[in-house]
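Notes follow the structure.
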């Protein structure tokens, strides 16, 4: 049984308040509290304006539901960081809740890129992956090569990102339980006797796979996404993650060197509080950056068209049925492709109206059909493996296997040997 962690909080609790003896009682903690609160309010206001502008110009629901989800990231981080600063004794619980939204945002960004590709003209989309040659993976797997036209590979790329929206909440839930049981012990670092090291390792692998898949997807569609500023949109998300991670590391490293315990706050409390305060301040700039990177003017309604109501966009943004649908379809395709194809065939048989999907965005059905044709005797140049040359027409003509063999024997000519 793992030993319990030493307490990260002091036994003494500050009983004073803002008001003391008829006057304001300010100390360093309360000054930081006021700054964090003011910055959180500013961040929320900026984000409300940005979200409201999309809600009133909700002309492309498939795009904007993902954009609104991404725009929630700064206020979510700011509000949770303010609460973790105010209730610093429960900082760990708030930090676990806060980081879950990172997974939601990354998944929403991937689905937004897929929607951008899905809006390509049909003629462009048919050649989207066909023109992309076999290429090497990115570092550190650059010794391996892949073919983008393989549907299995493309579904694996999508699933590599979406798995994080499952793994990260599970890690947070387990971490909250471990913290309540006293066996998490973040202050002990990578001590193998506590749960923190194992949760950190799983989280590191999961987010590394997600980011690798996202970068791989961006590399495949970079040309097609020109004009959408995908790099700026991605940096808005990733810079938040990088800032929060590295500044947390820096404040932790300063414990015992620059940061020293006081009567009511341990070194860990102060380091966590400084990190939360910094996040509240930074979210003002990141909310402004997102306002610029995800402008509503790209979806401005036509002159004379009535503004859309705000209830439907807000509901769409918190309705994660599309996440569940995409995760389920990718999982079924990867682990039970026959079931996936059967469901698609049933959908077509029932005549259900087609909706843009990951497969249709990249024309994966045609890619798979062509691959199957090659496997069953079709060449990349559309010349059948069993063929005979017609001198009158000056081209190869398909022939059944038996007929081709008989024709070859009759003419005493070996059929051409061709390789896929």
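Any Cβ shown, glycine's included, is placed from N, Cα and C.
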Feature transmembrane segment in TrEMBL, mapped to one of the ranges 99-118, 119-138: 99-118
Contact between the transmembrane segment (67-87) and the transmembrane segment (274-294) (at least 3 Cβ pairs under 8 Å, separation 6+): yes
Intrachain residues whose Cβ lies under 8 Å of the transmembrane segment (274-294), provided they are six or more past its termini: 32, 35-37, 39-40, 42-43, 46-47, 49-50, 54, 67, 70-71, 73-75, 77-78, 81-82, 84-85, 88, 91, 229, 232-233, 235-236, 239-240, 243-244, 247-248, 251, 259
